[in-house]
Amino acid sequence: MEVKLEEHFNKTFVTENNTAASQNTASPAWEDYRGTENNTSAARNTAFPVWEDYRGSVDDLQYFLIGLYTFVSLLGFMGNLLILMAVMKKRNQKTTVNFLIGNLAFSDILVVLFCSPFTLTSVLLDQWMFGKAMCHIMPFLQCVSVLVSTLILISIAIVRYHMIKHPISNNLTANHGYFLIATVWTLGFAICSPLPVFHSLVELKETFGSALLSSKYLCVESWPSDSYRIAFTISLLLVQYILPLVCLTVSHTSVCRSISCGLSHKENRLEENEMINLTLHPSKKSRDQAKPPSTQKWSYSFIRKHRRRYSKKTACVLPAPAGPSQEKHLTVPENPGSVRSQLSPSSKVIPGVPICFEVKPEESSDAQEMRVKRSLTRIKKRSRSVFYRLTILILVFAVSWMPLHVFHVVTDFNDNLISNRHFKLVYCICHLLGMMSCCLNPILYGFLNNGIKADLRALIHCLHMS
């Protein structure tokens, strides 16, 4: 991600070189050879102040940049490492979303390791000091890590959309997660494959002809033409920013809409239940007037009070004293000398039948209505929380990565729009904003995830105790 710095200076030097050479083309014919040397010297003398202006643009802020990059890198590394450890701790309870979140943490760790130190070193030292092989490998790894992290965000959004839209037929397993991760990494390697080919080292001594720049190299992109470079930049803009932003917005909007529709259905069902209760259950006075006579009721004898809730209890069901018309149906015939004839008159009833049932206290319609309303209030609160969380996810991605992509597009189409003195400072600001997404992803996808939050707390507690 730091190659834009050297590429900008390389193209700036070529522009200054052509300008200086064109200003000295009017030399006489007999001084052609000498004029050629003067043109080269003039070009170098003109471009060297450009290099000095470019090189000293962040000298006053180098300690501040070192501290800021160190803080962002440590925060992103530790946060993603905790998420990765928590997900690996629950590897026996694999879900597709948790599996993707673990891979997101791993890719963000790669972004922190590959992008921060190499970018900061190139900004402060104004040279590439990691060798020719790393010049071909490191830009490729930087691009792959950022692209994979972005594609995993798309995968998480798609999986959540599928789980909300098809909750009953949700059959996503760990194998689907493996397939998604394999697809993401394959796309990342394929899209970033041109970078190892079109990179090369440029020696500053040969460029400026100054002994002060001996043994200093720049790692720059060496595309066959500007059209190739612009096409690659636009393709990265589409894949790394526009496509993920559209997918996140559409998916999360659909999720919020589904939740709000489900909530409205529950409210409508509550209103229907209230109308049914008013129809089937009249007022208290009318219920008292419609009570049956006491001679037609059964008396229930329980072991404990009726107000408490019992799981399984045995009770004896005894008929109430019957009238004269019903006594012949309730009395058991007596035979002389039988056990029945020896019982007392009060015991000459049908024997109690042991039954098992669940006793629940009778709940009034007002209490039931309050309970349902409290449930709806909790659901509304959770719905607002989900809406705010998904909105923050979209805003964090859009705000953190937009400046860097705009910077790349602007510098590819117009190098002179940003001055040499402010070029590195503007680039560092855009790059740090992009790195902030690696620090916020653990919070948004891990610490605010109910499935991982408890494991994170236990893990942090164990680390604190040790």
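The backbone N, Cα and C atoms fix where each Cβ goes, glycine too.
The number of other Cβ atoms within 10 Å of the Cβ belonging to CYS135 (disulfide bond), over all protein chains shown, comes to 21. Residues or ranges marked as disulfide bond in Swiss-Prot: CYS135-CYS219.
Residues or ranges marked as N-linked glycosylation site in Swiss-Prot (evidence: sequence analysis): ASN10 (among others).
Sequence annotations record features per position, and here Swiss-Prot assigns N-linked glycosylation site to ASN17 (among others) based on sequence analysis.
Annotation source Swiss-Prot lists N-linked glycosylation site at ASN38 (among others), citing sequence analysis.
Under the heading N-linked glycosylation site, Swiss-Prot lists ASN39 (among others), citing sequence analysis as support.
DSSP assigns CYS462 (S-palmitoyl cysteine) to a helix. Long-range neighbours of CYS462 (S-palmitoyl cysteine) (same chain, six or more residues apart, CB within less than 8 Å of its CB): none. Among the features that Swiss-Prot reports, S-palmitoyl cysteine is placed at CYS462, with the record citing sequence analysis.
The annotation region 'Disordered' is assigned in Swiss-Prot to 323-346.
Residues or ranges marked as topological domain 'Extracellular' in Swiss-Prot (evidence: sequence analysis): 1-63 (among others).
Marked as topological domain 'Cytoplasmic' by Swiss-Prot: 85-98 (among others).
Positions annotated as topological domain 'Extracellular' by Swiss-Prot, on the basis of sequence analysis: 120-138 (among others).
The topological domain 'Cytoplasmic' annotation in Swiss-Prot covers 160-177 (among others).
The feature topological domain 'Extracellular' is assigned by Swiss-Prot to 199-229 (among others).
Per Swiss-Prot, the feature topological domain 'Cytoplasmic' maps to 251-389 (among others).
Positions annotated as topological domain 'Extracellular' by Swiss-Prot, on the basis of sequence analysis: 411-427 (among others).
As annotated by Swiss-Prot, topological domain 'Cytoplasmic' applies to 449-466 (among others).
Per Swiss-Prot, the feature transmembrane segment maps to 64-84 (among others); the stated evidence is sequence analysis.
For the transmembrane segment (230-250), the neighbouring stretch richest in Cβ pairs under 8 Å, chosen from 99-119, 139-159, 428-448, is 139-159. With DSSP states grouped into helix (H, G, I), strand (E, B) and coil, the topological domain 'Extracellular' (120-138) comes out at 14 helix, 0 strand, 5 coil.
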